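Report on the following structure.
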Amino acid sequence: MRLIHIPALESNYIWLLADSNQHCVIVDPGEASPVESVLTYKGLLPQAILLTHHHQDHLGGVPQLLRRFPDIPVYGPKETNKKGATILLKEGDQLFICSQTFSVIEVPGHTLGHIAYYSAPYLFCGDTLFSAGCGRLFEGTADQMYDSIQKLIQLPDETLICAGHEYTLSNLKFARSILPDDPQIALYQKQAEQLKAKNQPTLPALLKLERQVNLFLRCKESFLQKKMGTHKHDPLSVFSTLREMKDRF
């Protein structure tokens, strides 16, 4: 399988997963033109579109793509029913496309109906989990987002996180403000800066590394709890406080 990232809009990534037969799956096409360009250049034929949630920057390209490829199915959560999805999905559903099995994981938080798709080793998680960060709580609660992330971190270390935005450097800047002396975060920030200087993506990110550099995955660590100065040492309170701090950062 070939994983292809397509920069779109201001900070989005659209993902393509292609097989040896030149067939591919399109994930979260926020706009159509860059997708069409890549499909033409690489000679790929889409077999399906996968949507993670209903925000326009993740599905704005669906109508134009369907005009060109009218027969391909569009999968998504219930909240995308009126946004182009033709087949609605829920927790536990499985899709078999391009010789790959995609498992559906419900991950409410960023939106109430947000889902992720896992096809080892790839995790297409939209705006739930970013490298060194997590999504804003536009509709859901901190409890929901925390539980969603707990689901995702049960996946194997070699999981590749294919997030919906290139937010890595800003997330690492926030992480350094909390843990300025953390060597892993400092090293990853340097590596991310080098990639940006070469106009290269920081994604996909390895889940094994995220366990070390993503504060939102480290809420059970007593060291982080003390560093934040929170008097509530339960992981959910730490997560909620971190999310509020990031919103103000």
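Using the three backbone atoms N, Cα and C, a Cβ is placed for every residue, glycine included.
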Matching residue for the Zn(2+) 2 site, where Swiss-Prot names ASP57, HIS58, ASP127 - out of HIS5, HIS165: HIS165
Cβ atoms near ASP127 (Zn(2+) 1 binding site) (within 10 Å, other residues, all chains): 25
Coarse DSSP state, helix versus strand versus coil, of HIS110 (Zn(2+) 1 binding site): coil
Pairwise Cα distance for HIS110 (Zn(2+) 1 binding site)/ASP57 (Zn(2+) 2 binding site) [Å, integer]: 14
Sorted by sequence, non-ASP57, HIS58, ASP127, HIS165 residues with Cβ within 8 Å of centre, Zn(2+) 2: ASN12, ASP28, GLY30, HIS53, HIS55, GLY126, GLY164
Additional residues surrounding Zn(2+) 1, by Cβ distance to the HIS53, HIS55, HIS110, ASP127 centre under 8 Å: THR52, HIS54, HIS58, THR111, HIS114, GLY126, THR128, GLY135, PHE138, GLY164
DSSP three-state assignment for ASP57 (Zn(2+) 2 binding site): helix
